[in-house]
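Peer 1: Below is a structure I'd like to ask you about.
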Amino acid sequence: MTTDSITFNHILGQGRVNQLGGVFINGRPLPIHVRHAIISMAKKGIKPCHISRQLKVSHGAVSKILNRYAETGSISPGQIGGSPRARLTVQAVEKEILIACDENPQMSAAELRDWLIHKDICTKGNAPTVPAIKRLIGNKGVGVPKKMERKRLSYSIDSILGISIDECSKSSSDDEEGSSPSNDASSRRNRTSFTAEQLDVLENAFRADTYPHANARESISKETGLSEEKIMTWFSNRRARCRKNMPMYQQYNVQGFGSSPPSYPTLLPSPMMFLPSYSTSPQLNPLFFQHILQSSPPSSQSSPPSSS
């Protein structure tokens, strides 16, 4: 059984057949007459998929040629990317366009294209198109103020809390300057170090109420010397740590140890207990279980009492 192989008498000997039946050379650009045919068909309004089928050229090659023509106005290959000299040429043209925009921001894209041709920076054949110049100006942000004024929305957090954006940025910058010992400390997170006395006061307040009200926060602030923002942050982190450890306590309460009732509370915590409106005593507070369990951990050796 013999198979017929397709060979091409090409000087490079690299002829291949694509899925559409067209001949191409791997690593080589399409011939110039095929490129002209693609551009002329596109100008007539023919879709790229139909161009690909009629000329037997892959859809990716057709799209690449059309995109290059739309950006640079050139049909010849290697204008975008490829050799370093071509990249430097494109960068030089972009630099001239940006300089002209800075000197005369009122110039339109069509006037910039005519200016490039008049200054002999480009020719009519390789000058960038008007849409390409508009895209370059839009991407570089020429003529647009660099710092836009931030508008506070009526439903934003700043409006709800009554906090000014400028005050927040100023206070955060002041905290960074005051707490950073070195220049690169501003890139790190500012963490507050609490003393043992402050932690005792905070823990006692947390056992009494996991969501302290304004008066309680004010009294804690007077005792510890901390700001209310830091106190609220500490309580938030403390509640998160308790919620993270809560499944372990639930499993411990569900399994049980022995038939005799334990000496510590076994009430399963409910998510409703974490709400500020849920009033509970320190003994029934589920977040208080952590201190009870840490002080009297269950023994793994415990076994049910033998009936005698």
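Even glycines carry a Cβ here, placed using N, Cα and C.
Relevant sequence annotations retrieved from Swiss-Prot are reproduced here:
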- 13-140: DNA-binding region (DNA_BIND)
- 187-246: DNA-binding region (DNA_BIND)
- 16-72: region 'PAI subdomain' (REGION)
- 92-140: region 'RED subdomain' (REGION)
- 168-191: region 'Disordered' (REGION)
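Set these features in their place in the structure for me.
Peer 2: Within the DNA-binding region (187-246), the DSSP-based counts of helix, strand and coil residues read 44 helix, 0 strand, 16 coil.
Over the region 'PAI subdomain' (16-72) the predicted model carries a mean pLDDT of 82.
DSSP places the residues of the region 'RED subdomain' (92-140) in helix, strand and coil in these numbers: 33 helix, 0 strand, 16 coil.
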Peer 1: Counting each residue once, how many in the region 'PAI subdomain' (16-72) are helix, strand and coil under DSSP?
Peer 2: 34 helix, 5 strand, 18 coil
